[in-house]
Structures are given as C-alpha cells and as structure tokens.
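Data first, discussion second: the structure below is written as structure tokens.
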Amino acid sequence: MKEKVTNYIYENKLINPGDKILVALSGGPDSVCLINLLIEMRDEFNISVGAAHINHMLRGDEADADEEYVRKICELNNIPCYVKRVDINKVSKEKGISSEMAGREERYNFFDEIRTRYLYDKVALAHNSNDQAETVLMRLMRGSGLEGLTGIKAKRDEIYIRPILSCERSEIENYCIEKGLNPRIDKTNLENIYSRNKVRLELIPYIRENFNTDIVNTLNRIALLLEKDSEFIQYYVEEAIEKYCVFNEKLIIKSGLFELKEAILTRVIKNSIMRFSQKYYNIEMKHIYDIVSLQTNKSGSRISLPNELEASNSYGNIEIRFTNNDEKENIKENNILINKENVYNYLVEFYNYNIEFSVLKKDEKLNFSKDSLIKYFDYDKIVSSIEVRRRKDGDAIKPYGMKGKKKLKDLFMDLKIPREDRDEIPLVCFNDEIAWIVGIRTSEDFKITKNTKNILRIKFSRKE
C-alpha cells in the first residue's frame with residue numbers, strides 16, 4: 001500500500017521535497033493510516049508532519065476519547081499536535097446551517113489557522129476511493145452538474161491534498177491491522193439514519209451484489225474522466241471572469257458576459273459570486289438563472305440572493321453587493337465647509353478621499369492635468385465659502401458648455417450611473433451652487449476664462 005500511495009503522490013504532484021504537512025487527524029482508520037504512511041515517508045520526501053484535531057463535542061465521552069487517542073499518537077511519534085474544541089450544535093444554530101456544514105466550516109477554518117500560524121505548506125486529508133464513490137452517487141441523485149460529478153479532488157489550491165484517495169477502505173483497514181494500529185471507530189458511521197451512511201451501508205453493497213462488483217472503481221474512473229472535461233471548461237471560465245467581472249466593494253458582471261454560451265455564462269456567475277462572498281453554500285442553479293433573467297429586466301430591478309447578497313440590474317450590467325449593515329459603509333452627514341481665504345495649500349479628508357486645495361496665479365506656467373479627479377476653477381468667482389458634501393433632493397448644476405441647469409437625478413440617469421452609487425459621489429459647491437460633480441462634470445458658472453486672474457486647483461485622491 002505504501003508503494004501505491006507513493007506513486008499516487010508523485011503522479012498528482014501532491015508533495016514537494018521539504019514540505020511541512022499538517023494532517024487532519026480524527027483518530028479513525030483513514031486518518032490514522034494516512035499519518036502513519038506520511039511518517040514512514042518522511043525520509044523519502046524530506047517532509048515534516050504535524051496533526052490537527054477538532055473535537056465537535058457531539059458524542060460526549062466518545063469524542064473526548066478520540067481527542068485523547070490523537071494526543072497519544074502524536075506523543076508516541078514525537079510530532080506536533082493541535083487540538084480545538086467547538087460546540088458544533090451551538091455554531092449550527094447561530095449560523096442557521098446544518099451541523100454537518102458547521103462542522104466542515106469550523107474544521108477548515110481551524111486547519112487554515114494552524115497552517116498559517118505554524119507555516120505548514122500542505123494540509124493532508126484522509127478521503128479514500130469509497131468516499132469518492134459515495135460522493136459521486138449522492139451528487140448524482142441530487143442532480144449535480146459536471147463540477148459536482150467530478151467528486152473529490154486529489155488536491156485543491158495547492159494546499160489541501162488527499163494522498164490516499166486511490167485506496168479502498170478495505171485496503172486501509174488491512175493496513176491498520178498489519179501495522180498493529182488500533183484506530184478509533186465512530187459508531188455513528190454504522191447507523192443508517194444519515195443519507196451518506198445509507199449509501200455506504202445499503203446502496204453501494206446492493207449495486208455491488210446485483211449490478212457491478214467493481215462499482216467503487218467504476219465511479220472513481222467516471223469522476224476522473226469528468227474532472228478532465230471540467231478542467232477544460234474552467235480554463236475558459238477563468239478567462240471570462242478576468243474579462244467581464246470586476247471585484248471591489250461590490251461585484252460587477254458586465255453585460256457582455258450574457259452574450260456567451262450558457263455553459264460558460266452560468267459557471268462564471270456562480271464562480272464569481274463565490275469568489276466575491278467567500279461562501280460556498282446556498283448558491284444554487286435557480287439563483288443563477290434568476291440573475292440571468294434579471295439582466296433582461298429594466299435598469300434598477302433587483303433580487304435577493306442567499307448569504308445576505310443582493311443583485312441589481314444597472315443598465316445591463318449586474319451588480320452584486322452585501323445587504324447587511326456590517327458589510328456596507330454607513331453614510332453619515334460629514335459636510336466640509338471652508339472659507340475661501342483659507343484654501344491656499346489646504347488639505348482635508350472626506351470619506352474615502354483626500355482633498356488638496358491650492359490657489360495659483362494665471363500668469364504662472366501651468367500644466368493643466370486631464371485627470372478626472374483634478375479640476376481648475378476661477379477663484380475670484382467664489383464669494384465666500386467652499387463646501388464639499390453629498391447630494392440632496394433637488395440638486396442641480398449648470399453643466400460646462402450649457403446655458404441652463406440640469407437636475408443631478410436626470411444627469412445621473414443620462415450617464416447611466418447606478419442608483420446605489422449616486423449618494424456616494426462628492427459634490428464641490430461654491431456660494432451654495434454645485435461647481436463640480438467629482439469625476440463627472442464641472443459647472444459652466446465657475447470655468448476659467450481669459451479674464452481669470454486666480455485659479456483654484458482641487459485634487460481628489462482615493463485613500464489607500
């Protein structure tokens with residue numbers, strides 16, 4: 001078995017010489033087999049090994065005995081041991097998710113925490129080929145698409161590795177017997193009250209007996225073949241994400257994406273939402289198709305999504321943002337009022353901007369910047385004060401080059417500025433009149449002319 005696992009590691013490039021590997025050690029046969037194999041391979045791969053165990057506090061004394069067993073394994077082999085206790089039922093209720101999902105989140109968060117703090121290169125997980133077969137069958141029955149049917153991957157993100165994924169459970173159990181290991185047995189795995197247990201204990205044995213004696217290997221082969229197809233499609237998905245998606249405080253999916261084939265379109269939407277929200281559950285195909293439908297609706301239409309997200313149509317683009325207050329900046333009144341006499345080389349902050357004011361003589365040698373965040377005005381047309389604020393009802397401006405005034409609301413609509421962004425655009429006002437919609441338009445009333453003597457230069461720059 002050691003040779004089989006060694007070959008699998010080489011074939012899938014799971015381990016590099018000198019790697020520091022953290023093993024997810026539950027105490028069961030799979031993880032005990034895995035850590036024992038990696039300890040045997042330390043010299044061959046020049047690796048060091050540590051173990052991480054999370055006590056879910058679901059099985060009382062049994063769970064505590066698992067934890068103690070893990071500690072003893074680590075002590076006997078002189079390897080670092082990291083243990084955490086988490087009340088999974090409590091976490092599940094607080095987050096409103098299943099205990100299985102809560103347990104998975106807590107485990108991976110713990111592994112990432114230990115890996116980062118103690119500088120481990122890889123996290124080794126003990127999934128085997130039976131786990132793979134069960135996963136493929138369960139996803140097939142749930143109606144999963146191509147990605148779901150690829151099952152469990154040999155490695156993910158070059159961090160999570162599964163060195164014994166090619167081994168059947170019977171091989172692992174025999175290895176434990178041969179090596180005199182005495183792993184813990186989770187009795188809940190023998191109860192057929194859970195879906196996965198029913199697949200393991202009833203469905204696969206039934207298929208093996210009546211249809212295909214080699215069903216586990218068959219399902220593993222299918223998963224591997226589909227993985228190759230999925231990788232091919234994913235290459236084009238990543239290209240499309242790079243071209244059509246913008247990630248910042250919100251996710252913008254450009255309208256051009258919706259002209260692509262559905263196979264790429266739906267995958268880009270799902271992948272980009274998961275990347276933006278950092279959450280990998282609750283987003284289903286019905287939500288993806290809701291977004292596709294939203295894109296054909298009128299601008300301003302919106303829908304709610306799971307994970308406290310909202311999608312809106314902004315002139316054909318789809319914008320996705322968080323709806324909970326913790327994720328959004330609260331807009332507060334924070335206007336700036338400056339006497340015109342005090343703006344010589346004046347610096348001030350306004351929300352996410354630094355603002356620099358300076359007064360220049362027209363006869364100075366000036367190089368006027370074309371930067372949309374730098375503008376120049378006739379200083380002498382300012383009667384008393386300069387104000388920086390955000391918009392309010394009824395605001396209007398006389399746009400540069402025009403004779404009459406135009407309401408900001410109408411101007412924003414003409415320029416197709418998303419409704420959600422309009423309240424965050426700074427306005428610079430002179431004499432209670434809007435002189436500059438920052439980054440968008442300046443006013444005709446304060447433009448520089450041949451009669452201008454003094455020039456007010458205003459520069460906005462975003463805070464890092």
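Cβ coordinates are placed from backbone N, Cα and C, and glycine is handled just like the others.
Remember, it's a predicted structure, so these values are computed and weren't measured experimentally.
What TrEMBL annotates here:
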type	residues	note
BINDING	Ser26, Gly27, Gly28, Pro29, Asp30, Ser31	ATP binding site
DOMAIN	386-458	domain 'Lysidine-tRNA(Ile) synthetase C-terminal'
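With the fewest other Cβ atoms inside 10 Å of its Cβ, the least crowded of the binding-site residues Ser26, Gly27, Gly28 in this structure is Gly28. In sequence order, Ala126, His127, Asn128, Ile164, Arg169, Ile172 constitute the residues six or more apart from Asp30 (ATP binding site) in its chain with CB-CB distances below 8 Å.
In sequence order, Arg169, Ile172, Glu173, Cys176, Pro183, Ile185 make up the list of same-chain residues 6 or more apart from Pro29 (ATP binding site) whose Cβ falls under 8 Å from its Cβ. Contacts of Ser31 (ATP binding site) defined by a Cβ separation under 8 A and a same-chain sequence distance of 6+ are given as Val23, Ala24, Leu25, Ala126, Pro183, in order along the sequence. Other residues of the same chain near the ATP site, with their Cβ within 8 Å of the Cβ centroid of Ser26, Gly27, Gly28, Pro29, Asp30, Ser31, are Leu25, Val32, Cys33, Ala126, Pro183, Arg184. Helix, strand and coil counts from DSSP across the domain 'Lysidine-tRNA(Ile) synthetase C-terminal' (386-458) read 14 helix, 26 strand, 33 coil. In the three-state DSSP assignment, the secondary structure recorded for Ser31 (ATP binding site) is helix.
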